[in-house]
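S.K.: Starting off with a structure, shown below.
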């Protein structure tokens, strides 16, 4: 949560002045590079304090980049179709579902733990590479360029650059209590959730089900309902406008 907080403050402070397409692509490339380093670290069997230091540093950098990338994508909300944009909100949860399913498949195949870890990171690299390619195609399309040019000219005519920081400060001044509440709620939830759920064990006598129990109830079910909770409100709108 701390890197996310720093990333949001960096966005509000000065990064918003840079081209949002560059912000998104650079953040994606940094994340991709981070996963490549992790995969090599696991493949080379790095252990001990060095492994811990590498993981913590990469986790901080990648989480710092996350709000920078997301803010740039949300800036594009008015430039793409609503159904395409909805994937941004539900995408993280869907990634969790996909990861959980892949984890169950690899568990059934019973591969070596090192190979399993590398496959997880390779999967992330493949999807990140695809997102970079597709995003590059979108921002170079004629529709996107024309729409962006129109909105940019409107913004420049009505919102002077000198008022940008004042605008962010005004919003933060009014919403800082909500932000702080959300920060602590998410921090406590993420700290206790995995440990709390992992302490729940199956009472069944079926050894096969017992071995899959944690993978199903901690990861698959949680991420599935997380995805459902994010995606359904985008389809089933209540109350409807008007």
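FYI, residue positions are counted from 1 along the chain as it appears here.
Glycine residues also receive a Cβ, built from the backbone N, Cα and C atoms like all the rest.
Sharing the feature lines straight out of TrEMBL:
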- 25-44: transmembrane segment (TRANSMEM)
- 50-74: transmembrane segment (TRANSMEM)
- 86-109: transmembrane segment (TRANSMEM)
- 115-138: transmembrane segment (TRANSMEM)
- 180-200: transmembrane segment (TRANSMEM)
- 212-232: transmembrane segment (TRANSMEM)
S.K.: Applying the under-8 angstroms CB criterion, which one of 50-74, 86-109, 212-232 scores highest with the transmembrane segment (180-200)?
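M.R.: Out of the listed stretches, 212-232 contacts the transmembrane segment (180-200) most.
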S.K.: Which sequence-distant residues neighbour the transmembrane segment (50-74)? Criterion: at least 6 residues beyond either end, Cβ under 8 Å.
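M.R.: Here the qualifying positions are 2-4, 6-8, 10-11, 15-16, 20-21, 23-24, 26-28, 30-31, 34, 37-38, 41, 88.
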